[in-house]
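Engineer: I have a structure here, written as structure tokens, and I will follow up with some questions on it.
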Amino acid sequence: MGYAIRRLLVFPVVMFGVSVFVFVAVRLVPGDAIIAMLGTESGLLTPDQRAALAAYFGLDQNWFVQFWRWFSHVLQGDFGTSTTYGKPVLEIILNSFPLTLELALLSMLIALAIGLPAGVFAATRKDKPADLILRIVAMIGQSTPGFVVGLLAIFVLSVGFGVLPEMGSFVPITEDPLRNLGQLILPALTLGTAFAAAVIRISRAAMLDILSEDYVRTARSKGLSDRKVIWRHALPNALIPVVTLSGVEFGYLLGGAVLIEQIFALPGLGRVVLDAIQQRDYALVQGSVLFVAFNFMVVNLLVDLAYSALDPRIRLDKG
Amino acid sequence: MTGHLLSVRDLRVGFGKVPEDNEVVHGVDFDLTAGETLAIVGESGSGKSVTAMSVNRLIGYSGGRILGGSMMFTRSDGTQVDLAALDEPALEKIRGRDIGMIFQEPMTSLNPVLTIGTQIEESFRLHHGMSGAGARVAAREALERVRIPDAERRLANAPHQLSGGMLQRVMIAIALAAQPRLLIADEPTTALDVTIQAQIMGLLAEMKRETDTGLIFITHDIGLVAGLADRIMVMQHGKVVEQGAIDAVLDDPQHDYTKHLLNAVPHFSDGKSVRRDHSRDGKSGRALDVKGLTVRFPVRAGLLRRARSNVHAVEDVSFDLMQGETLAVVGESGSGKSTTARAILGLVNATRGEITADKTGLGSADKPVQMVFQNPNASLNPRLTIAQILAEPLKAVGRHIDEAARARMVELLERVELPADSLPRYPHEFSGGQRQRLCIARSLMLNPSVLVLDEAVSALDVSVQARVLDLLADLQREFGLAYLFVSHDMAVVERIAHRIAVLYAGQIVEMGSAASVLADPRHSYTKRLISAVPSIERRHMEFAIDTRSVPSLMRPAGFEPDTAPWVEHGPDHLARAEG
């Protein structure tokens, strides 16, 4: 408990660092918000009009003033207004996030459901045909880009069989769960299978290490069946690297899967961030990056808490 | 054949992809009757563990394969099975239920993520069909039988919360849960302190008296099993060289190797065989002087991680060491002996105290104190050649590797009896004993006046151990080296020490000449330590089970302990007064 609180106390410090970094980074990118907003028409603006627009968005001040203005509002929960959408940044983020979260959870579920059993199975059949096949499959899965798999999946299922994916505008899970699932299952499979390959490799390696441990031998000497030795004695010990990997991957997915969202035309957080960067929508970029960083920290904290839940030797309060 | 619990004939075991080409057990025969204890004795590589692990066929999981022979085992219902021919499902029914096993390393032999209770209950669920509360009660009773205090609370503990001795008792509880007909114990006390070893031996002796379980006890230490075994089987290079009744083999060994083993094993003889080649006559100078050494490690807790308490690892330790003298620091794990050694090397910071090492005695000593560690395999960098390894101490003090340095390397290699062409070779090309000689040569590169030897022979086989000890004694006489010899093994200490300091809970409780301390221990802890040492001479003594444990060394911040006054027991023999 004390550990979680100590970690939470560090959150604001990291958030401040991220704020400064992203604030400077978006301003170092060439081009400005007004040109991006108006496109070629920006050339028609008189200098006075330009200045008025800049003043309206607060872009006429120096960086320190701009930062303080933005940051002091953030501290009060106001992330500013998007120049592209003309809506509050927080609203845009919170609208696109449920989709991203759902997609991330679904792909993790698929990845673990496939990867973990396959990795364990491969480890117990080390160097036998089943292991070799799984290793090759995992290698292919890891080295094939996700969008290739995604495009192939769309092609095969829609053109070939005339089923899936449900295109059209995205339906939230709260409105029509079935339709929602139909829209998300393909992108989730695309993301999930690629990650499953990584899970296979890491869980296989971890299991191989654990299977040669003394306590696995002890479990066998008790007369436990192979199944119990593997699932009850070995696997819990092999989970730590899997949790580490999954935590990192999940953190990335919460930042939005840009490519997959583009291919499947999903209005997730990834597309919001991409559009915002292209439009030099400073407030939206800053707000969403901050949001993504926050998610990452929460996931990392959960991963650390999971470590101590999995392994009683890892006492977070000490050391 | 009938009447035997286990009858092994012509057992052959191989390893690797083509096991036939790599046979390590070549035709072993032995019999075991119910209630009998057979000791299998040999050095590493003798095939003793492989033989034992073949009996319950766990060897298959370590890459071994049974190439031939039979192992007829009588089950509790009187039927006989050939363990060598059974398939895996049939073996699962025999393992645990008919054949229990305890292993060498209790610290790694229990699953770190499952509670003690879960791991014991598992055996009761599996073999007695118990469940829920019934299994829990059975597990608690099993823990109480192996004398674990506060058993109910311990059930909920994870293995890392228990000491090695307690874990080994838990292992025994698990192995005995199903009341097996045969128990295999593979070096069950090698990783444990000597007083803990006595506890485990006591438990096994009790089991032997009260049940008719057959016991196969594997060990490298003949002295240890002398009191427990009925019969003994000596193995070398995968073959049985001699077997018979324990007294017959020990008192009248027939095979040369058995005689060699009996001579090589350092027998503890209550101080009768200490070295007498050095005396404190004032002629030799002082090599090391330690005054009031205190090492405390802060324990941090709470939101702000303040030091709430300290572990008093070493408390007010003072001693001196003369040139050409060996001071043995003995004690159990947690007594502070390794911390003392590390503080002298500056590897941990002393909280208080003065350490003065003689920098003049042997001339060019930049670093007058050098160290040799316990595990020679882990303390030589596998990527460096011997020449590079020997050059490192010189580089560390900023010297160049010139002709003189090379000459010294060659000279030292010769001195530690390694071939002169060793310099371009890598550590893996040497055996364990040779590697420890390399470590010794490395420690001598800078001409130190003091060598700290931290359990320097503990990882070696007995016959190798004896030769390294002889080498150390020779080097000492030749160079006038002072040794601080940290060890838990009283028999080894008796061979090498001139003086002894007994460390208990961070303090020296007794110190004096080796002969006097070993023959006439005055402090109660020293007495306990010495009486726990197994020896062939004492084999007919009863083992008593003493489950006292070392007191906690954790003290509140700012606490200053009192030290008991010294009482003199002879010209060079002091012990702390006890209340």
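Glycine is treated like the rest: Cβ placed from N, Cα and C.
Got these off TrEMBL a minute ago, pasting:
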DOMAIN    A:97-307  domain 'ABC transmembrane type-1'
TRANSMEM  A:7-29  transmembrane segment
TRANSMEM  A:103-123  transmembrane segment
TRANSMEM  A:144-164  transmembrane segment
TRANSMEM  A:184-202  transmembrane segment
TRANSMEM  A:238-264  transmembrane segment
TRANSMEM  A:284-310  transmembrane segment
Engineer: As a test: from A:7-29, A:103-123, A:144-164, A:238-264, A:284-310, pick the stretch that has the greatest number of Cβ pairs under 8 Å with the transmembrane segment (A:184-202).
Structural biologist: A:103-123
Engineer: So, taking each listed stretch (A:7-29, A:103-123, A:238-264, A:284-310) in turn and counting its Cβ pairs to the transmembrane segment (A:144-164) that are under 8 angstroms, which one gives the highest count?
Structural biologist: A:238-264
Engineer: Cβ under 8 Å to the transmembrane segment (A:238-264), counting only same-chain residues 6 or more beyond its ends: which ones?
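Structural biologist: Long-range Cβ neighbours of the transmembrane segment (A:238-264): 96, 100-101, 103-104, 107-108, 111-112, 116, 120, 146-147, 150-151, 154, 165, 183, 186-187, 190-191, 195, 198-199, 202-203, 205-207, 209-210, 270-274, 292, 295-296, 299-300, 302-303, 306-307, 310-311.
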Engineer: What else in the chain is close to the transmembrane segment (A:284-310), if you only count residues 6 or more beyond its ends and a Cβ gap under 8 Å?
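Structural biologist: Same-chain contacts beyond the ends: 3-4, 7-8, 11, 14-15, 18-19, 22-23, 26, 70, 74, 79-80, 82-85, 89-90, 92-93, 97, 236, 239-240, 243-244, 246-247, 250-251, 254-256, 269, 272-273, 276-277, 316.
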